[in-house]
Amino acid sequence: MLTVALLYNLLPLLLMISIIIFTRHKLLPIGLMALLYVIAFGITYFRLPSKNLLSIIWGNLVYGIIYTVIIYFLLNFTKEERPLQKLIFKTASIAIGVLAIVSAGGFLHSFLSVNPTWNSINKVYSKSNEAPTFKRGETPIALAPKTVINRVRKASSDIPHSQYYSISNQVQAQFFKNKPVYVVPVEYSGFWQMTKAGSIPGYFIIDATRQNATPHFVKRPYRYATSAYFNKDAARQIYRYSTSWLDLGSPQLEIDNAGKPYWVQTLYKSEFLSHRVNYKKLHVAVMNAQSGAVKIYSIKNMPKFIDEGITTAIANKLNNDFGKYKYGFWNFSKTGVMKPTGNGVEDGVTSVFNQNGTISYFTDFTTDKTGSDSALGYSMINAQTGKLTFYRANNIMDSDGAKNNANQDYKAQQWKANMPILYNVNSRPTWVMTILDSTSAIRGYYYLDAADQSVYGTGSTPTSALDAFRQALVNSGAKIGNTDKATLKNVKGIVDRVAVVSNQNKVMFTLKNSKTIYTVNTSDYDFANLMRPNDKVSFKANIVEKKSIGNVAGFKDENLR
């Protein structure tokens, strides 16, 4: 940081040396230079400014103007010194002018020339016009991070000397020993608490996909944290050891397979005389939270335990740049411009656990027209590689529309839809949302047909909501394609067993010589309440393979005629 502060003051330093050598003045130029350097060091230490060439030029411009103006008005030069005075200040003025032109040009270039940034994104356009297929078995519905934080805060008494600490708002998705989990850091409550505690005693971990999961406190003391002060600040420590790199977003806590904590931050090198990000040159800083040791890796060579080398902040910026700059800055007609809805739970994106042990960031895109709720497409960003896959969408609502529809059904309770993710249910693009109350407790799950807002299903668990939604699809007569998960069949048989579920307006039954459990909605077929064993029935059923579930439509009971 001493070096960075010096680089920001090269012009004042050269001016000071010139005045000392060629004039009788010594004390004031040195004193002013020392003051500026202390100020620059303080700003560098606490603000962690950019270290790229354009920022250094801008810093020299600002500090150079301050130093030149103050020295010019405070120093008195003799008649013999005035020719040298004019030469020194004329040279300084020319240098300031050059720096101003270069700075202005660099900032304009960064702002206006965005095509290279868009071209550097590792992107793939899916050939399919359908929404991405997120099957429940492959991408299990995760707990909402708000719910996780709420549960962890209730368990904060497990922390030794808990009065010194608070729970972070950061929830880190990760695979730990091949299981999807959330890791939640513990923070210092303040400066004096940090000085008293000395270290953070550990972190919380919780199963990410089990509805009733409880957080577990892991005793793994670490000294470096984003909530720490001075040299124990994780961001400051990474800044010190990555002098030629720039950061995007805050460090995130990840753990290795032994449970050891590390801070992970995405870094990049900007283009020459520019603030533009080159997404092809992203690197990852990995800091041992216990020792403070920092190592920098390329995306391809980072440790295998890191699931989100591309942090959520980077993913959000990737989506914004991808949607906005395909045709450059001078696209006044806004051809091809898409806007991320920003409805993800962290930095506008939502982490999705994939069956292959990787994590992807999901978000959907809409137009930038006010009031529009039509989805243009969806992106999935691989959190390890940064590869963005874009899926086009036709005639379906975006996540804003989905949340608004769900919120209307819970207006009286004042519950809110959270974490909208697009799943594929029976070949229908379906918005799946978690319903939370004002305390972030889970109140249920909401499945909504993305193409028809009148078709939805709710339930207290993901499975019950899914079954209700499948029944709603059958009742609506919506076109259901055949997939490896569901098949529409004509069924005839003799009733074996019957169960009336009156509080849910449905009857469940089985047929002889069949293991499938069928469900019929009594709101549509009220006479189904009278069904008895040995009745001869016929119907159409959307049968979910490997689940022994069938949702019934066109129900007929020949014994009730």
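Every residue, even glycine, has its Cβ placed from backbone N, Cα and C.
According to TrEMBL, the feature transmembrane segment maps to 6-23 (among others).
Only residues 6 or more beyond the boundaries of the transmembrane segment (30-48), in the same chain, are considered here, and those with a CB under 8 A from a CB of the stretch are 1-2, 4-6, 8-9, 12-13, 16, 20, 59, 63, 66-67, 70-71, 235-236, 239, 247. Look at TrEMBL and you will find 30-48 (among others) tagged as transmembrane segment.
According to TrEMBL, the feature transmembrane segment maps to 54-75 (among others).
Sequence-distant contacts of the transmembrane segment (87-112) (same chain, six or more residues past either end, CB-CB distance under 8 Å): 11, 15, 18-19, 22, 54, 57-58, 60-61, 64-65, 68, 72, 273-276, 329-330. For 87-112 (among others), the entry in TrEMBL reads transmembrane segment.
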Tertiary contacts of the transmembrane segment (6-23), as residues 6+ beyond its ends and Cβ separation under 8 Å: 29-30, 32-33, 36-37, 40, 44, 49, 51, 56, 59-61, 63-64, 66-68, 71, 75, 77, 81, 84-85, 88, 91-92, 95-96, 99
